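Taken straight from Swiss-Prot:
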| type | residues | note |
| --- | --- | --- |
| BINDING | Glu124, Asp235 | divalent metal cation 1 binding site |
| BINDING | Glu124, His161, His187 | divalent metal cation 2 binding site |
Amino acid sequence: MASIRQAFVKSLRFYDIGYNATDPVFRGIYHEKLKHPDDFDSIISRAKAVGVEKMMITGDNVENSEEALNLATNYECFTSTVGVHPCQAQCFLRHSEGPEDYLVKLEALANKGKASGKVVAFGEFGLDYDRLHYAPADVQKMYFEEQLKVAVRVQLPLFLHSRNAENDFFAILEKYLPELPKKGVVHSFTGSIDEMRRCIEHGLYVGVNGCSLKTEENLEVVRAIPLEKMLLETDAPWCEVRPSHAGHQFLKTKLPFDSCKKERFKEGCMIRGRNEPCNTYIVAEIVAALKDISLEELSEQIWENSINLLSK
């Protein structure tokens with residue numbers, strides 16, 4: 001792998017700010033069934049081979065955030081987040097000891113993780129009005145605001161989720177941003193140019209992954225994001241760049257790894273349909289083409305952005 005890195009990426013370095021590393025598919029488990037051997041460490045090796053030096057593991061509830069922190073503690077290349085995803089907002093109401101106790105546990109975990117140096121952002125949290133069947137809007141809004149209060153007390157930058165909820169999202173968020181010097185990032189951004197500019201005006205970074213590169217309209221938004229306010233991510237195992245995506249036409253490089261179906265697993269192969277952090281390189285190559293700059297220039301600026309937001 002070291003020789004691949006030397007030949008393939010030279011001086012490039014990337015920080016995948018959205019890796020759902022606690023998902024069982026990274027252990028070979030799909031829909032609760034083991035389909036192939038655990039290849040977790042191979043995924044990390046592939047990422048490092050193409051210059052992905054850091055990966056932030058995202059948490060989406062208390063239990064999952066604790067698992068993310070445990071992983072981050074055991075791997076130097078990992079950092080993590082603590083938070084409750086809007087689609088899991090019902091966790092607060094379903095908790096056997098009540099929502100207040102769930103918030104207490106969330107804050108304690110965030111403080112513990114921050115003290116260890118491994119938890120570098122609060123989230124993933126926000127609003128998702130595309131999937132109200134998981135949690136109604138009133139519950140999402142209530143616990144978006146309650147979590148913002150926790151984030152202010154803990155003083156962590158925000159790792160935010162916003163889907164089809166722009167006005168409510170900013171109405172709640174802007175009450176707390178003045179108390180958060182580093183602000184945060186709206187990850188997996190798929191909104192309009194106007195919404196993107198609203199993020200920038202609020203001091204937020206914008207996270208770009210394969211889902212940000214699906215349509216021509218998406219590409220116009222990515223072109224318009226100021227480079228100094230952009231971060232890159234995969235949101236693996238989801239949001240891979242597919243041949244049907246508008247951004248796919250800008251790809252020039254094939255990563256130096258074989259791929260296989262999960263049912264025909266081979267050691268060292270990427271699993272088809274399972275996104276992973278090494279594909280940060282793919283996202284970066286498309287964005288560099290859209291921006292008409294070199295991959296080296298893009299890599300260095302995005303790395304600087306990532307460190308500015310996610311380090312002490």
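Cβ from N, Cα, C; glycine included.
Annotated features, which come from Swiss-Prot, shown on the structure.
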| residue | record | DSSP (3 states) |
| --- | --- | --- |
| Glu124 | divalent metal cation 1 binding site | strand |
| His161 | divalent metal cation 2 binding site | strand |
| His187 | divalent metal cation 2 binding site | coil |
| Asp235 | divalent metal cation 1 binding site | coil |
In the chain carrying His187 (divalent metal cation 2 binding site), residues 6 or more apart in sequence that have Cβ under 8 angstroms from it: Ile17, Gly18, Gly123, Glu124, Phe159, Leu160, His161, Gly207, Asn209, Leu231, Glu233, Asp235
Other CB atoms, at most 10 A from the CB of Glu124 (divalent metal cation 1 binding site): 28
Cβ-based neighbourhood (8 Å from the centroid) of the divalent metal cation 2 site, residues Glu124, His161, His187 excluded: Gly18, Thr58, His85, Gly123, Phe125, Gly126, Phe159, Leu160, Ser162, Val186, Ser188, Gly207
Cβ atoms near His161 (divalent metal cation 2 binding site) (within 10 Å, other residues, all chains): 24
Number of other Cβ atoms within 10 Å of the Cβ of Asp235 (divalent metal cation 1 binding site) across all protein chains: 24
